[in-house]
Every structure is written in structure tokens, then in C-alpha cells.
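*Asks:* Found this in TrEMBL, in case it helps:
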TRANSMEM  23-48  transmembrane segment
DOMAIN    28-309  domain 'ABC transmembrane type-1'
TRANSMEM  63-84  transmembrane segment
TRANSMEM  146-163  transmembrane segment
TRANSMEM  169-189  transmembrane segment
TRANSMEM  246-269  transmembrane segment
DOMAIN    342-574  domain 'ABC transporter'
Amino acid sequence: MADRLQKTANLFARMWRDYLHPYWARIALALVFLILEGSTLGLLSWMLKPLFDRVFVGGNTDAIWWVGGVIFTLFLIRAMTFVINRSLMTSVSLAVSTTMQRDMLRHIMALDGDFFQKNPPGALIERVQGDTIAVQGVWSTFISGAGRDVISLLSLFGVAIAVDPMWTLAAMVGAPLLILPTLLVQRYIRRKMRQNRVNASQRATRLDEVLHGINAVKLNRMEDYQTDRFARIVDSIRRGQIKMSAIGATVPALVDIVTGLGFLGVLALGGAEVTRGERTVGDFMSFFTAMALAFQPLRRLGSLAGTWQVAAASLERIYDVLDLRPAITSGPRREPPPDTAIRLEDVRMSYDGHPVLNGLSFTAEAGHTTALVGPSGAGKSTVFNLLTRMVDPDSGQITLGGVPLREFDLGVLRDQFSTVSQDAALFDETLRENILLGHPQDDAALRRAVEAAHVAEFADALPQGLDTSAGPRGSALSGGQRQRVAIARAVLRNAPILLLDEATSALDAQSERLVQQALDGLSVGRTTLVIAHRLSTVRQADKIVVIDAGRVVEEGNHDQLIAQDGAYAALVRLQFGET
Ligand code: ADP
């Protein structure tokens, strides 16, 4: 329990340091207004003493005006401070959640591939949006709601003690009843809330998968199956929330009972004193009103008992992500490599203990085209991922221009490569934005790229030209068109090394010719590595590297390898149906 408390306190302390601290001035100002607003309740009950003793009992009608004036002013102050507080706190809590969302996205983007393997997009979306908003909501209710209520209670308490300390004690007879249930409820809500956030992640993941795979869902008639799975998740969220709200309501309910007991106690003790004339009616009314006014804030605070656990659960999930450190990090070198020769030496690499590359070694000469061929699953794409450091090898050395990859700044390293593949990630933006990718270029350069990549052929025929939307994930374009957009990107990037993943699915003859022309133009003068699926590409390559089971089995040019009549010749017969 103490451990938990310590951990939660640490979480909130970190949040203060990382996110709230810059706004301390605004928070301090809000606190001043909170104190003002909260203390009006105490003053209000205090004013009842002169109201009763002087006006009602004393018969002094003049006092009506000044007492009434003071009471009205108190309400006026409450109204104004409420508005000021609300705007101050909203501006702080929104600023905090916005900064958190931005930080999380930036941080998540820097994490390694295996993180994304373990955390599906839906779950991550839920973390960035759902968790930060959960923290934001609680934070604002906490400060503006709980803060004001605590101040109100303190001021009412002050009035109560000033009127009669013994009555105050009597009013609190039931208070110890609250302690244990409050602690238990907090623990319960924290546990449930964590489960609830996990369920919310699953809900987002299911939605993401269904909506992205909508065609597969329809074609395989999975609608009922997916609906059932989704219904089970939302149902368990619903059940969890009902339980949380029922259990959470027990504390405010107990506040009712405890207050009832308090009234009884005060009546028993104070009622007798007033009738005996030891205390005035004003004293009693003042005290009674303070108690009555304390009732609502106390109840609200009771229902907040679980609410801050909600923030703790989400905050924990946010920091779980922010505390992850990527294994793939930038090196110090910011100059580009002296040349673009690529060398792999005895590279070994595995995914989750399953070996994929088993001592792979080859060289791709600068300015030449090297074709990687081999059966599916041989490890060809893994080579691309290693070169761009999407993954790092378990052992072995990879150099670019003689410099180990790890020495480069990641941005500088990735700037050396342009990758073109058919499943190029297109965004739901215009063709223009999909080609520029956030790096502005002048129109002439864009036009040259669009023409070189044969994008112009189809873009110019569209009513909005380059300003046509590519659709979600580029779904408004055909495979060949997507690939040509990817080529246009590569032309603009003008990186010295080209990584080409040839399409496995057949393009129609016309598309294929255009794509081929565009690629040929692009690879001129660049170091090119191509995962080849077309015989024409392999034939033209300066060097062919045949990979099987994560190892190089043969190396040479087409004629040499055919003459050897080994693995390559067999592959050519199998894959291309000819020799
Ligand atoms: P190729 O491009 O030659 O078809 P890949 O390099 O894509 O082969 O894959 C090589 C092996 O690595 C395959 O057995 C594949 O299942 C495995 N693999 C690739 N990516 C991952 C991953 N992210 N997690 C686990 N295994 C992977």
C-alpha cells in the first residue's frame, strides 16, 4: 500500500516537473482565485450569525441591508472567480494534454521495430489520445473541483470551530467510518481502471484492423464474427464502468450517512445549550449552515476518491511508453560517407530467436547495380532493413563507404537511401503532398520528378491533377501508379543509393514498361540494390547475389552464374521458366 502510494506520488511529481511546471504562474493565480471562491462559503455561513442574532432575534431591521449586501457580494465574488478559474485551469490542462500528445507521438516514432510488432496501431492511438485525455480530464476536475471544495471545507470548518469546538467534534462522530471504505474503493478503482484502459486499447485495435481490412472482412464474410468480437470487448468495458461507478458511489453515499450522524450529534449537544439560553440562535444557525454547506463539497470529494486513481492509471501507461528507450540510436557522424560502396561481413540476425541471416557477406560496388535474388523468406528484405537501420544485426559488420553504419547520425544515414517498392506507404493526402513528403520544392523540380517517374501520364488526366487525393493508404491508385509515385519521391530525394523492391504482383504490360523506364532513369549513376523478380533486371545487373536461408550461395553476373549451373540457374528455371 505504502509502496503504491509512493509510486503514484512519483508519477504525479514527474507530471508536475515535465508538464505542469511551465504553467506554475497560471496555476498559482488559479489557486488564489480558488481560495477566494472556496472561502465565500465559510463567510456565507458566518454571516448567518448577525442575521439571526441582530435581525431576527434582536429586531434590528437596519442590519438587513448591510448583511444582505455582504451576502450578495459574496455570491458576486463566487460567480466571477468561477469563470476566471475555469478558464485558467482549462487552458493549463489543455496545454498539458496537447504537449503530452505531441511528445508521445515524437517519442513513439523513434522506437524500434519490435515495439511496433508488439503494440498494434489501434492500441497506440488509444494511448496517445485516450490516456492523455483521461489525464487531462481528471487534472482539471481535480484542481478546479477538488481544490475549491477543499478550500470551502476548510473555511466552513474554521467557522464551525470558531462557533464551538465541541460541536465540531460532535459533528464529526461518524467521520472515522469513511476511512477504510475510501481506501478500499481507491484500490478497486485503480485496478478496474487499468483493466479498462487495456480493454479500450483492444477496442481501438479491433476497429483499426476491421476498418483497414474491410475488403478482407467483406470477402470472407467475417461481419458477424468481427461484430461478436467487438461486442465482447465493448461489453466488458461497459460492465467495468458500471461496477466502477457503483463502487465509486459508495463513498459519497457514506458521506450522507456520516453527515446525518453529525447532525444528530450537534442537535443533541447544541440544541440543549440553545434552549437553556447558553448559546444564541445565531450561533446555532451559523454552525448548522456551515455543516449543511459542507455536505455537498464533502460528497463531491468522496466521489473524487476514485477519480484521481483514473489519472494515475493513465499516467502510468503514458510514462511506460515515454520511458522506453530505442535500441537503434544515432551515431555521432554527420558527414555523408566518402563513397557509397556497401559491405556486409558475416552478418547474423534473428527475429525473436529465430535466425534469419546466418553469416551473410557481400559487397555492392558504388555506382553499380547489385541484384539480390533467392526464394521468398531468404532474407532479402531484411538486408534493406539492416542498411537503413530499421533493425540492427546481432553480430557482424555493415559499412557504407567503409564507415560502420552505427557511426552515422540516423537522419544522415537514411538520407543516403531512396527506397522504392510497390507497397510504398501512401498517405491520405494529395498526390503533390505524397510526392513532396513535407520537403517543399519549387514547381519546376516537382514537374521534372513527376515526368521522370511517369506520374504525369495519369496525374494530368485527373480533373484536379496533382491535387487529387490518393485516398486512404493510396487506395485510389493502382499498384503501378503507387509505385510511380514512390519513384517520383525518390527522384526528388536524389539520394545516392537506391533500394528497389520489384513488384511481385504482375503489372500490366503498359504499367510495367513505364515503371521500368522510370526506374532505369532513376538508377543511372546511383548505387542500386534491387530485390529482383524480373529476368530483365537480373540480366542487366552488374552483379547478382543469390541468397538462400540467410546466406550468400552464389555471386557473379548472369552469364557466369548460368555457366556454373548451380542455385541461380535452378532459380531462373523455376522462377522465370527459362535459362
Ligand atoms: P525475403 O525478402 O527474402 O522474402 P525477408 O527478409 O522478408 O525475406 O524475411 C526473412 C525471414 O524473416 C522470413 O522467415 C520472415 O518470416 C522473417 N521475418 C521478417 N520480418 C520479421 C519480423 N518483423 N518479425 C519476425 N520475423 C520476421
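Residue numbering: from 1, along the chain as shown.
Heads up, the Cβ atoms here are built off N, Cα and C, so glycines get one too.
Curation does not apply to TrEMBL; its annotations are automatic.
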*Asks:* Looking only at the domain 'ABC transporter' (342-574), what is the mean pLDDT?
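*Replies:* Here the mean pLDDT over the domain 'ABC transporter' (342-574) amounts to 89.
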*Asks:* Look over the recorded stretches 23-48, 63-84, 169-189 and say which has the most C-beta pairs under 8 A to the transmembrane segment (246-269).
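*Replies:* The stretch I would name here is 169-189.
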*Asks:* Where else in the chain does the transmembrane segment (23-48) make close Cβ contacts, counting only residues six or more beyond its ends and a cut-off under 8 Å?
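*Replies:* Residues packing against the transmembrane segment (23-48) from afar: 67, 70-71, 74-75, 77-78, 81-82, 84-85, 88-89, 91-92, 95-96, 143-144, 147-159, 162, 282, 285-287, 289-290, 293, 297.
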*Asks:* Near the transmembrane segment (169-189), which residues from the same chain, at least 6 beyond its ends, have a CB less than 8 A from one of its CBs?
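*Replies:* Result: 1, 160, 244, 247-248, 250-251, 254-255, 257-263, 265-266, 268-270, 291, 302, 305-306, 309-310.
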